[in-house]
Amino acid sequence: MTARLLVLASGLGSTLQAVLDAAAEPGFGGSVVAAGTDRPGSPAMRRAESAGVPTFAVALADHPDRAAWDAALADALAGYRPDLVVLAGFMRVLAAGTVTRFDMVNTHPSLLPSFPGAHAIEDALAHGVKVTGVTVHRVDAGLDSGPILAQAAVPVLDGDTADTLRERIQAMEKPLFIDTIRQLCGSM
Ligand code: GAR
């Protein structure tokens, strides 16, 4: 079976790009049926469009409240009948009803449970940790919580800035995320 992957992304989309590239390889076991965002016009969606993948946006500002946004996002996801929802830099917490309705996997740039949230790399630097890394995990209704599927450690070097550390973390993150998605597709 070829798993139907739906990727959600809020930002630059380098992680989405890695998923698009991997899924285009024969034998990957999954294909990207759509990409969605909470930020209309995000560079991530342009990457999906360039790959010929349908995109959609569900912006919080277009809905009267958070519950309405949650419902609209869940409806949009359901319309594509995804086997796996891939969170590739999607920077919002999803409603409990949404994370239980769909199989979801997320990647996060720290060794969870340390440094959840939107500023994991800056937070790790501020705490002076000597090792940080990346975590790939199933998604529950918490902030970067849910059962851990894979982790990799990345040393923090003297003189690291958020940008230099992010670059090394993301170089480790993409293959770990892709390998995990491949395994999840293979187990469907
Ligand atoms: C990735 O490093 C991902 O781990 C992180 O956002 C980045 C997205 O980069 N996600 C989180 O921090 C989730 N809490 P990208 O826009 O280049 O793909």
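Cβ coordinates are placed from backbone N, Cα and C, and glycine is handled just like the others.
As the structure is a computational prediction, the values presented were derived from the model and not from experiment.
As recorded in TrEMBL, the features of this protein are as follows:
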- 4-180: domain 'Formyl transferase N-terminal' (DOMAIN)
- ARG66, ASN106: (6R)-10-formyltetrahydrofolate binding site (BINDING)
- HIS108: active site, proton donor (ACT_SITE)
- ASP144: site 'Raises pKa of active site His' (SITE)
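Feature map: annotations from TrEMBL on the structure.
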residue: ARG66; record: (6R)-10-formyltetrahydrofolate binding site; Cβ contacts under 8 Å, 6 or more apart: LEU60
residue: ASN106; record: (6R)-10-formyltetrahydrofolate binding site; Cβ contacts under 8 Å, 6 or more apart: LEU87, PHE90, VAL136, HIS137, ARG138, VAL139, ASP144, GLY146
residue: HIS108; record: active site, proton donor; Cβ contacts under 8 Å, 6 or more apart: PRO116, ALA120, VAL134, THR135, VAL136, HIS137, ASP144
Those recorded positions in ARG66, HIS108, ASP144 whose CB falls under 6 A of ligand 1, listed in sequence order: HIS108, ASP144
Neighbour count (Cβ, 10 Å) for ASP144 (site 'Raises pKa of active site His'): 22
Per-region confidence, the domain 'Formyl transferase N-terminal' (4-180) (mean pLDDT, whole number): 97
Secondary structure at ASP144 (site 'Raises pKa of active site His'), reduced by DSSP to three states: coil
